[in-house]
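Peer 1: The active site, proton acceptor feature in TrEMBL is assigned to K39, Y259. According to TrEMBL, the feature substrate binding site maps to R137, M307. Here TrEMBL flags 238-364 as domain 'Alanine racemase C-terminal'. The N6-(pyridoxal phosphate)lysine feature in TrEMBL is assigned to K39.
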Amino acid sequence: MTNPSHAGSLLTVDLAAIVANWRLIAQGVAPAKVAAVVKADAYGLGAARVAPALAAAGCDTFVVATLDEGIALRTVLPEPVIFVLNGPLPGTEGEFLAHALIPVLNSLAQLTGWANFARAGSGAPAAALHIDTGMNRLGIDELELERLAGRPDVLARVRPVLALSHLACADERSHPMNAEQLARFTRLAGQLPAMPMSLAASGGCFLGRAFHFDMVRPGAALYGLNPTPDRPNPMAQVVRLQGKILQVRDVDSPRTVGYGATHRVTGPGRIATVAVGYADGWFRSLGNRGHAMLGGVKVPLVGRVSMDLACFDVSALPPEIAHPGALVDLIGAGQTVDDVAADAGTIGYEILTALGARHHRRWISGEDAA
Ligand SMILES: *Cc1c(COP(=O)(O)O)cnc(C)c1O
């Protein structure tokens, strides 16, 4: 943990906003239940803080990507159901059982492995079955399902508790893949014994009732990213990132700013150097493209982003506002994660999961600091 007075940047995560986002989705998809996806340390925001806040609000099902994420989450969440998306690597099945984690089985090989493991032990351990409907990434495909139909012994030895699939284009409402995957999921799941079904991640929650099935699995929307990019963001903002100004200097042409001398000063002005760089997840692609908010003014990032520093043109602001020690808003009300991602040429998911270890992190609920 960083020392707040030493740190050059402050990352504030609003747990109440995450809970509000979970509730908004729950209202929209009821009676389907809402599992919270907290993989990659809750998209970089701290699963050990985020997951208990959601559990306290009534969320009883969580989703992680890896076994180790599941083991870590189990230490803070004794009761809830935890699904592990990547499923068991050979030889790790016992660990799933020991920590009461439910593997998502992504291929016939993983399914057979789990069935063999089950035969060796007692009872049929719970598992989720991932059916591939068009991602071609993970999942049991149509051919494997046909082969499975000839192996009733395999399915008899596991206890399937969920059939799931994943949409490739859910953030584009009118993309034909959505309806195609929905139809394929319904058809292929129909070849399996009846069990609860789940198709929608964040985007799918907003595609209408047909996509909700028994359970939805949002991640990004819980953390404030816009699940409906062609419409205003219905989610509450969760993240605030502030960077500290280390120096403000007066400059005049013909000087340049930063590595590569990519920004040329064209007149008298002032440059503020802020203690955030690409090692903190402030992407190098924001060079000469990004912004910060200071005193209600959007100030442009000038020159290249370096490892620990970025420079902003604060000529428009008086020294009482743009001074050493002042905090600029890099992510917050005036500039969302999605805005920063657009400037950086990436998606909000990558901005969140890249947030660095040097930020001093605070988790608040509404106004009060935790
Ligand atoms: C990451 C992931 C999710 C959550 O996706 P978001 O777009 O963040 O809501 C849901 N299901 C699966 C299979 C995933 O890999």
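Using N, Cα and C of the backbone, Cβ positions are placed for all residues, glycine too.
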Peer 1: Counting each residue once, how many in the domain 'Alanine racemase C-terminal' (238-364) are helix, strand and coil under DSSP?
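Peer 2: Once the DSSP states are binned, the domain 'Alanine racemase C-terminal' (238-364) shows 23 helix, 49 strand, 55 coil.
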Peer 1: Please state whether DSSP places K39 (active site, proton acceptor) in a helix, a strand or coil.
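Peer 2: Where K39 (active site, proton acceptor) sits, the three-state DSSP reduction gives helix.
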Peer 1: Calculate the distance in Å between the alpha carbons (Cα) of R137 (substrate binding site) and Y259 (active site, proton acceptor), and round it to a whole number.
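Peer 2: Answer for this pair: 40 Å between alpha carbons.
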Peer 1: Give the sequence-ordered list of residues that share a chain with Y259 (active site, proton acceptor), lie 6 or more positions from it, and have CB atoms under 8 Å from its CB.
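Peer 2: Listed in sequence order: G303, R304, S306.
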Peer 1: Quick one: of K39, R137, which of the recorded positions has the smallest count of other CB atoms within 10 A?
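Peer 2: Result for the recorded positions K39, R137: minimum number of other Cβ atoms within 10 Å at R137.
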